[in-house]
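Lifted from TrEMBL, the feature list:
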- His330: active site (ACT_SITE)
- Asp389: active site (ACT_SITE)
Amino acid sequence: MIERMDWKNKIDDLSKLCRENSQIDSSLYKRYDVQKGLRDKNGVGVLAGLTNISSIEAYKYENDQKIPCEGKLLYRGYNIIDLVNGYLKDNQFGFEETAYLLLFGNLPNNKQITDFKELLASSRSLPTNFVRDVIMKAPSKDIMNSLAKGVLTLSSYDEHASDVSIQTVLGQCMMLTSVFPMLAVYSYHAYNHYDRDKSMYIHRPDPNLSTAENILRMLRPDMKYTELEAKVLDLALVLHMEHGGGNNSTFTTHVVSSSGTDTYSSIAAALCSLKGPKHGGANIKVVEMMEDLKQHVTRYEDEEEVGAYLERLVDKEAFDRKGLIYGIGHAIYSLSDPRATIFKTFVEQLSEEKGNHEEFALYSMIERLAPKIIEKKRNMYKGVSANVDFYSGFVYSMLGIPLELFTPIFAIARVVGWSAHRIEELINVDKIIRPAYKSVSEEKNYIPMCER
Ligand SMILES: CC(=O)SCCNC(=O)CCNC(=O)[C@H](O)C(C)(C)COP(=O)(O)OP(=O)(O)OC[C@H]1O[C@@H](n2cnc3c(N)ncnc32)[C@H](O)[C@@H]1OP(=O)(O)O
Ligand SMILES: O=C([O-])CC(=O)C(=O)O
């Protein structure tokens, strides 16, 4: 048996070999016109598909000139601003109506939304003993991994798991949409109990409540929440639900679905993509970064001191030394992400209600300073601005949602977008996604062991 220390040293040596022999001369990417990150030389994504589900605008064309503009997001053709204003005006929750729109392509009428809510509520239960046998076993701080485990394990309870007919896939997607809040919240409670020695309680969802209300009900010991809290969480879900076919987790759904695999596997793969800190995992990083800022900046209202910390972040001298200001920047948006703009007005209200206006002012200052600092220090193709996740962690903290659940809340919303895209892929594209990788290695003759 190898001792732990020896094992580590050997792995260190082997990882040096990985680095040496996996290095590719960076000039070759240019020579062979390889689009790193599937982006062209202007940072624009390579066209990989067509979609009807949502559309994103970040530029306008004037006299054949591409000009960055305020971001615009349409779900099935409807502007996200109109959708949000519409359901709020009717004093409704938006998650269910928006899920119907994204999955079926039309705004539901009264009967359709009532039936849909009933279908969701009747799917909102886990198989017998699933909480005891799956969720309570091997709990983890990483609730995204627990969610993926839960989703993959649910396939063993489905006789038709591998059936890719649209009816079966739709049923599976709706069931997953219904149970995601339970999988996430119960996984958190299991972790909180077994790893952190806190009391555990498992509250059942109430079929008469919205998804947002049920999340708060299942999370809190007393099952209570205010109307504003539930409405803000519901808004967060609506804003995170869908973002085109090219975002990393939805593209993963397309890639994996194109191989003919089952719904459970493709949704688990999407979860594994979403948790990355450059994608949905950014909401955790923003809050951790803000905590680090508070430890290193003495006067939060001092623009110079805050700006100097942000410069250190971009210079890889602060926080996780990755050179990123989390919550800022986007692969498509330039001047603004409309979701962040909508969110901000509600965040302001909530921070007033919770007495957190000083922290809100700090976030606002960073939102203003960060783009200028990034623009000064990086190659700019367009512009950078706060993205949807800049304020989301702050909101979740004000709602008393623990850090471990931030990215799972994103997943509870985005499973709807993934589902719509999986169905769109299965209906329209019967071709496995298989891009090319040019080999830049030389052919070598095998050397017998005794000659090496
Ligand atoms: C739901 C979501 O997924 S939203 C995104 C959540 N992710 C984050 O908030 C993490 C922080 N942001 C980022 O890492 C990036 O902005 C991304 C990954 C989202 C987009 O990156 P890109 O597509 O490369 O953005 P863009 O083309 O505008 O970047 C231009 C330059 O600015 C840099 N940049 C962009 N955002 C940031 C940032 N927040 N901090 C530091 N540098 C940044 C890029 O690295 C790039 O520099 P380089 O060409 O010198 O490497
Ligand atoms: O579109 C992207 O690349 C990332 C994003 O904002 C999302 O998935 O919501």
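Any Cβ shown, glycine's included, is placed from N, Cα and C.
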Cβ-Cβ distance under 8 Å to His330 (active site), same chain, at least six residues away: Ala58, Asp337, Val384, Ser385, Asn387
Check the DSSP secondary structure of His330 (active site), expressed as helix, strand or coil. coil
Using Cβ-Cβ distances, find the residues under 8 Å from Asp389 (active site) that belong to the same chain and are at least 6 apart in sequence, listing them in sequence order. Gly280, Ala282, Asn283, Val286, Tyr326, Gly327, Phe410
